Amino acid sequence: MCAAALEEYCGSVFWNASFLDREDPDLPVCVEQTVLVWIPLGFLWLCVPRHLVSLCRRTKAKTKHMSKLYFCKQLVASLLFLTAIASLGVTLGEDFGPDRDTSSTVKNAGVYYANPVLYAVTWILVLLCQEVVRRREGAVDSATLFTFWLLLVLCDIFPFQTLLREALKLGTINDVPRFCLFYITYGLELIALILSVVADIPPEDEERNPEAGATFLSRITFNWFHSMVVKGYKRPLVQEDMWELSAKDSTSYLNEHFQHFMNLELGEARVRYQEKLKKKRVKNRDKVHGESFQNGLGKGVSQDVLMMVSVRKKENKRKNNYPNAWLITTIYKTFKWILIESAFFKLLQDLLAFASPQLLKLMISFTHDQTRHTWEGYVYAVLLLVVAILQSLFLQQYFQRCFVLGMKVRTAIMAAVYKKALVVSNDVRKETTVGETVNLMSADAQRFNDVTNFIHLLWSCPLQIILSIVFLWLELGPSVLAGLAVMVLMVPINGLLATKARKLQVENMKYKDKRLKIMNEILNGIKILKLYAWEPSFQTQVEDIRGEELKVMKKFAYLTSVSTFVFSCAPALVSLATFAVFVGVSPNNVLTAEKAFTSISLFNILRFPLAMLPMLIAAIVQTSVSRKRLEKFLGGDDLESDIIHHDPSFDTAVSISDGSFAWEREAEPLLKNVSLDIKPGRLVAVVGAVGSGKSSLISALLGEMHATKGFINIKGSLAFVPQQAWIQNATLKDNILFGSPHEERKFEEVIEVCALGPDLELLPGGILTEIGEKGINLSGGQKQRVSLARAAYSEADIYLFDDPLSAVDSHVGKHLFDKLIGHNGILKNKTRILVTHGVSFLPHVDEIVVLVDGKVSEVGSYKSLRASKGAFSEFLDIYTLEVSRVKGTKAEQTRVGLIPERDDAQPDCPLEDTVSATLKRENSIRRSQRNGSVRLRKNSSFKKPEAELNKGQKLIEKETMETGQVKFSVYMQYMRAMGWGYTITVFVVYVIQNIAFIGQNLWLSDWTNDAVDYFNITYPDWKRDTRVGVFGVLGIAQGLFVFLGTLLMAKASVAASRILHSRLLNNMLRVPMFFYDTTPIGRVVNRFAKDIFTVDEAIPQSFRSWLMCLLGVLGTLLVICLATPFFTIVIIPLAVVYFFVQRFYVATSRQLRRLDSVSRSPIYSHFSETVSGLSVIRAYGHQDRFLQHNETTIDENLKSVYPWIVSNRWLAIRLEFLGNLVVFFSALFAVISRKSLDSGLVGLSISYALNVTQTLNWLVRMTSELETNIVAVERVSEYTELENEAKWVSDTQPPEKWPKDGRVTFEDFKVRYRPGLDLVLHGISCDIQSTEKIGIVGRTGAGKSSLTNCLFRTIEAAEGRILIDDIDISTIGLHDLRNRLTIIPQDPVLFSGTLRMNLDPFDRFSDDDIWRVLELSHLKEYVTGLQEGLQHEVAEGGENLSVGQRQLLCLARALLRKSRILILDEATAAVDLETDDLIQNTIRKEFSHCTVLTIAHRLHSIMDSSRVMVLDAGRIVEFDSPSNLLEKKGHFFAMAKDAGITQDGITSL
């Protein structure tokens, strides 16, 4: 019916089978004139309305430039319009023209009128569309138009060849005008197609981001990324090479959208939650029979109900006592369009995936049947290619969208968590530690990222499984179920293995943690280990743990090999079961090539979803935990912003009217009924005993507390100095400016007032010194002064000081009070509230507020309060007593008198000097604590020219980031560590396995040929059994060989791990001390943690996968070449292309990965910094600045994440294209040489080829991963090749009892810390006699510590020598030397382990000896009081002992050694005076017969030495008895005077 109408419309036959059933087929002209015209035009007409709507909507025309390209496009479309009009004219002319053939009444058919009109309208639409594209913001081309032109050109190919063939056959052209018009039109269409591929970019948009200017074709093939790949190949990429993010990917945009939906969803969730609570309350009320239950859990509830409720509360607390189930919907609503798009692409790809096996089936039956025409084969080959290319394009678009979605979800969550952290209330803050909050941002956000990447597999996997089974059923009938059963059985087996593996993982982690804990301690206490020569003991400890760890690893590796065995047997077993059942069920079932290879392709499709589903479900379960944590945090309450009013009409600066404040909603108020008015410009001190609520008062003023009643009014801006200074990881200058603009004069003044001048001299970079995390390279006092400087610089109206002067020395405190806070300070006109314990400042304040137990007990001036004899004077009296006790004993250390009644507390010596002296002292403390940093500061504290300074200030060298390709020698090194025997065996085994795999498939293809040989004859049973049997045996053999290979690989890799680790450990204990001074411990720990982990787990895994992939690809190519020898011609160009793509990709991807990890850590460190400094940020009102900083930090990271995602797609699309070509050529050559091929081989080669795309992709991924991982071996070996210190034991042994006398002689001794630095000691010569007691003093950096370091040879001499009892110490082994000297170090370092191990790690002494020294060091009663006695476990760093006890333990160590020379590096840290006395007395008594060298920081302790050595800048300036030195009035005298020791003071000693 339809055909007849069409035939009348065309005026010719519409369809006739004979057209196709010949060697040179063609389509009927009618089809070409109707269907092939309607396809492209229909597409355009469907898409046009969307474009035109925007044309009508936009009233104000965009004045976007008219480019030459635009004119060309419009010109071509106009010319096409003219051709359409012309062809209409031709038709009209033929029918109605003056020279028409009047004799014939036959007019032209309708199509000759309709088509030109259709075309004319279309061309007008095209003109309009191109104008729309020109006006659209940011559009460079149109996908619609490109597709339209492409379809048009493809559909017009048919009439193109029809007309040509007809003309050639007849030798003349029938219809010249139409013939010419058609070819002109076709030419124009081709030009239009080419033009539509070119991007129309306005010149100003060139640079920013090539993606914005990428055309449709470039976007689907990711061609725009090319420039980055080339750049990455030429040289390693750096952060500056990254492109700007497009606005839609930027953090601020994502955050805004996410917050919008989150607020809506969260609001609804809160309402739901409130309703749930209401219901619960009603329930509870019914339970408590009519007892008063008005306000939640009111006062009148009976006890048992309260119990019940609280129990239930606890259960619910764990379940959900927060609005829940809103995060997923928020994410969905924010990103639903990306989700829908990606789902659409995934669906198309899934459906296309099933087209290939069907085409394969047609292809096989085509080669099978020799009577079919050859052109059919070519059609199938082209169809295979087209389907594969479309599949690749859809798949890559899907992946691109999913990965970008994952990235966006992670970004949105990170930004939301950060934003929330800035406003979160104390209730929520109390529940989560800083670490947990940082985890929300890192781990939980990352989990969401990983799940969203694969979220569509939730519906796609079941869909694929169902479709596969349906198609398989069509092929093989019910026997599919046998194969399916095997697959399903594999799932629980895998599950079982997985749980077992998880157990082992947990155990492994336990050992890893233990090992790292010890390593951490070793590295932190490496100096002590070296001084005591204890390295061997600790080495064996670590080796033992490592041994246990490797045992577990071995078990794990064996498990892995079992699961690999199961997994690799699976495909063979599945196909075996299916085919065996199929041929066994009935004798009529014959396995043909079509059936066998179609099924195998389908089984291959099935493997992926079956493997993925369990993984996906596990990931989703993990994510749901993250979801709960995030919902709890993000759904928590915010700080109430309305506690604090800012009403300018008040005449007070701060007023609190009858306020009660609590930290949490339900808690008891800490501050009760506080009323307080503070006038502008006053200085108010807040005092009270510990825990009376002073800091809480400050927090309340900052709005950090929950107001139960009353309100606070604050007029003006705030600045806040917390008790514990909060320092950012930025330069010193940025820390002080804190976001304010820099004004030189004001800045200088602030620096001067906060006494930071002397510190700046000492800091390597001056004010531009980078301060480490948590202010690590500043001392406590310096941090506090920086914090004060920040406040002073901010020029606020009201200053809140929370006891900032407690962390600084009294002199400095005095200076700060006078110059900054007090009446003559630079803040004298501002309102200041000072919480203080320093009684000395109280006489100088305007008003004192006394707090007792959270209530204001008195307010008034110092005098009036003193007179009223209330709480304040009690507080003063208690304090004065305490002070006098402490200060009296410490008078020589710092002298601050008690408060004199007169109002001016003036120090006895000129202020400035004391301040600088204190600063110096503070620095020396700091220096001795971080012994590493001495030497460099020493160099750079003299002002040098800038250029040199920069070199000196880099104490810590930047970690070398490996760039470029990994050298082959590294691979060789790893293989050597595995053992050559193992390496070669593994390789051979895998090769044999591959041969078995190929053999199995060749056997199958041979089996399918039986269908031809036994056509219509009964199939003999013996033949069937042989076929099934051999097929099965080959399948199992593969599995066994894989098992064997994995097993050997496991053994080899464990061996390699053992060797690499012990080499690393062995060497790290032998490197000289200066290495540790210039290398952050984290970097070394990283080698033992991350790199060893990579060597243990990642490398063997990726090595194995890489080997299997490689052999898989080679096997595939081999099979195809066997089947179709022609294919060898194509291999070489394909291999070349492949090699280049791979090299380009690996170089770029590796570097992007590194940039990603480098730019990721600042996000987390900035976050944890923010969380710890929340109150400061809120007080200054800088939340927005920090939010913005966070956004830029995340953006920096995204700049390298996004290109990485794209680089994977860029690679995949190119490799899949190569794979598609492999498929195409294998099909093409099969068609060409089908006469000589049997259908089994064709099936084999094409089904192999269909599988090669994924394997190719994997091979590059694996190569890249292996390269990334093998870097770990490089990094480990870098540290195994560091230069060692001298030998531990040398050939020249000192005498048994050496040193007998303990004489020490320095002969012109010079030393520098490392080659290339200045000398620290400039030629020291002196003789120290037996049993002399020598005190060594000198300013910071004079070289006191260097002297001891030289005795122990932690630094080697540059010139000169040291003799001990006439033996040159540089000639003997280090351990021989260090074991005969004793040192009591400055900071007592303990290691985790038993007490006994801490005293005697080598078990050389008996228990009696140990108890004896414990008695001498006054620890006996403490240790006997412990349950385990000597076996008492010491915590990491000795944290479960007090500092004093630690110091006494060090003394016990020294007593246990009993050597003739004792070096005492005097403790400056917090040793209380009692302990100090104990130590001094014990040393005097027990070491009376030894030579003792004391490095003193307090002159007091060395006044009774036999001689004192005064060092200055590495030279001995004075060396004599203390009394003689004091008379000389030289260096020593000056120092003694500073310390308050005078001639008469000494006699009293």
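Every residue gets a Cβ built from N, Cα and C, even glycine.
TrEMBL entries are annotated by machine, without manual review.
Positions annotated as transmembrane segment by TrEMBL: 35-53, 74-92, 112-133, 145-164, 176-199, 377-395, 480-499, 556-585, 605-625, 977-998, 1107-1140, 1211-1232 (among others). Positions annotated as domain 'ABC transmembrane type-1' by TrEMBL: 342-622, 984-1268. The domain 'ABC transporter' feature in TrEMBL is assigned to 654-878, 1304-1538.
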Under 8 Å between C-beta atoms and at least six residues away from its ends: which parts of the chain pack against the transmembrane segment (112-133)? 9, 33, 37, 41, 44-45, 48, 51-52, 54-55, 70, 73-74, 77-78, 80-81, 83-85, 87-88, 91, 139, 141-142, 144-145, 148, 200
Same-chain residue ranges lying at least 6 outside the transmembrane segment (605-625) that approach it to Cβ under 8 Å: 353-354, 357, 447-448, 450-451, 454, 457-458, 460-462, 464-465, 468-469, 487, 490-491, 494-495, 498, 567, 570-571
Model confidence over the domain 'ABC transporter' (1304-1538), as mean pLDDT, sits at 81
Cβ under 8 Å to the transmembrane segment (74-92), counting only same-chain residues 6 or more beyond its ends: which ones? 108, 112-113, 115-117, 119-120, 123-124, 126-127, 130-131, 177-178, 181, 184-185, 188-189, 191-192, 195
Mind checking which residues of the chain, 6+ beyond the ends of the transmembrane segment (1211-1232), have their Cβ under 8 Å from one of its Cβ atoms? 221-222, 363, 366-367, 374, 377-378, 380-382, 384-385, 388-389, 392-393, 395-396, 399, 1120, 1123-1124, 1126-1127, 1130, 1134, 1137-1138, 1141, 1145, 1149, 1242, 1245-1246, 1248-1250, 1252-1254, 1256-1257, 1260
Same chain only, please: residues at least 6 beyond the ends of the transmembrane segment (35-53) with a C-beta under 8 Å from a C-beta of the stretch. Say none if there are none. 27, 115, 118-119, 122, 125-126, 128-129, 132-133, 142, 144, 147-148, 151-152, 155-156, 158-159
Long-range Cβ contacts under 8 Å made by the transmembrane segment (176-199), restricted to residues 6 or more beyond its ends, are 69, 72-73, 76-77, 79-80, 83, 86-87, 90, 140-142, 145-146, 149-150, 152-153, 156, 159-160, 163, 167, 213-218
Taking residues 6+ outside the transmembrane segment (377-395), which of them lie with a CB under 8 Å of any CB in it? 220-221, 345-346, 348-349, 352-353, 355-356, 359-360, 362-363, 366-367, 1212-1213, 1216-1217, 1219-1221, 1223-1224, 1227-1228, 1230-1231, 1234, 1246, 1253
Below 8 angstroms Cβ to Cβ, which residues of this chain, lying six or more residues outside the transmembrane segment (556-585), approach it? 472, 476-480, 482-483, 485-487, 490, 493-494, 497-498, 500-501, 504-505, 508, 591, 595-596, 599-600, 603-604, 607, 611, 1000, 1004, 1019, 1024, 1027-1028, 1031-1032, 1034-1036, 1038-1040, 1042-1043, 1046-1047, 1049-1051, 1053-1054, 1100
